[in-house]
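*Asks:* Here it is, the structure in full.
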């Protein structure tokens, strides 16, 4: 039986290694050499792939029934909820899938910062581009239901482009397709929201190819060329375990509290004549929104908001430690958890009204956010080099 099994598996193995298409898949997710000590924190990459598939599948079916017209958009969402078979599930899986996507994304980025994965520059840079494009895709999608928060969120965020000197107003009108957020705006947002997930999928493949070239990082941050295992079955089984746990949590959210992370204002149809009391984006944008609000100057706020994302590109260049990750760096580890707390504080501040004491707390939290990347990260690396690797003699 063993001989039969081995003889039977050899043609399959040969086929997957020699076939021009399957050989690429084989190199990326089957025979990929992976460090033997990866923890469950490395599961979030596969979970992001699952989230993207769920979002694309539910999004395609939702698009079959959605109308990108300002007079029909809100009603078409209502039609999906009431009249389309399992339309309510499609919508709730898509809406909450975005939240799960960003939850996994923030864990994935946090793990990369903690374990120093940014030292693999190509993989990291493609990942940051993916992160920014995902935020753009989510923003475009949030506008589509054409509720109050959708309309006013689109108005406020697109208006930020007017802060660009000289050409800002022209850019805003070009984005709107007119002199205000209108039917042209909704149409182009829907078109781009449908397109960008396919761009994300393509960039995801590029991300994997870069990872295949440079190799995976690991929890202790040392070279692991002599201690590697094939990705399948060692890590595919681990990924499946994570996927099952994720699906249980995701389904619990969708079935038991589908509107928990939504905004009640978005159940009211968009009305350009009535401004909501408090305009705020979805929870996964709140940290950047809090940074935007913390700076009184409009252009300064816009620059700070975009800088809060683009600053991730600088991490490989501000890394001064001789150690890759924070596993053996006591000072930097404390600073990292302060930064995580600061991120959550900014998220909370972003959903609070613009009044004291929230304004000053938001400003202090914003200062610490940038100080972590630009000051603490290189400074603590330098200090730890002196403490952990003292010069002899």
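Yeah, the Cβs are placed from backbone N, Cα and C, and that goes for glycine too.
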*Asks:* Swiss-Prot lists transmembrane segment for one of the ranges 237-257, 258-278; which is that range?
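*Replies:* Checked against Swiss-Prot: transmembrane segment maps to 237-257.
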*Asks:* Looking at the ranges 23-43, 44-64, 65-85, which is given as transmembrane segment in Swiss-Prot?
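*Replies:* Checked against Swiss-Prot: transmembrane segment maps to 44-64.
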*Asks:* With the ranges 189-209, 210-230 to choose from, which does Swiss-Prot describe as transmembrane segment?
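*Replies:* That would be 189-209, the stretch labelled transmembrane segment in Swiss-Prot.
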*Asks:* Can you dig out which of the ranges 160-181, 358-379 Swiss-Prot describes as transmembrane segment?
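*Replies:* Based on what Swiss-Prot states, transmembrane segment spans 358-379.
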*Asks:* Please report the number of other Cβ atoms within 10 Å of the Cβ of residue 108 (heme b b566 binding site).
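*Replies:* Taking every protein chain into account, the count is 20.
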*Asks:* Fewest other C-beta atoms within 10 angstroms of its own C-beta: which of the binding-site residues 94, 193, 207, 212 fits that?
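*Replies:* Looking at the binding-site residues 94, 193, 207, 212, the Cβ with the fewest others within 10 Å is that of 212.
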*Asks:* Select the closest residue to residue 212 (ubiquinone binding site) from the following binding-site residues, measuring between CA atoms: 94, 108, 193.
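*Replies:* Closest candidate to residue 212 (ubiquinone binding site), judged by Cα separation, is 108.
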*Asks:* Counting Cβ pairs under 8 Å to the transmembrane segment (189-209), which of 44-64, 237-257, 331-351 comes out on top?
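*Replies:* Selected stretch: 44-64, with the most Cβ pairs under 8 Å.
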*Asks:* Can the transmembrane segment (44-64) be said to touch the transmembrane segment (237-257) if we require at least 3 CB pairs below 8 Å and skip pairs under 6 apart in sequence?
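*Replies:* The transmembrane segment (237-257) and the transmembrane segment (44-64): touching, yes.
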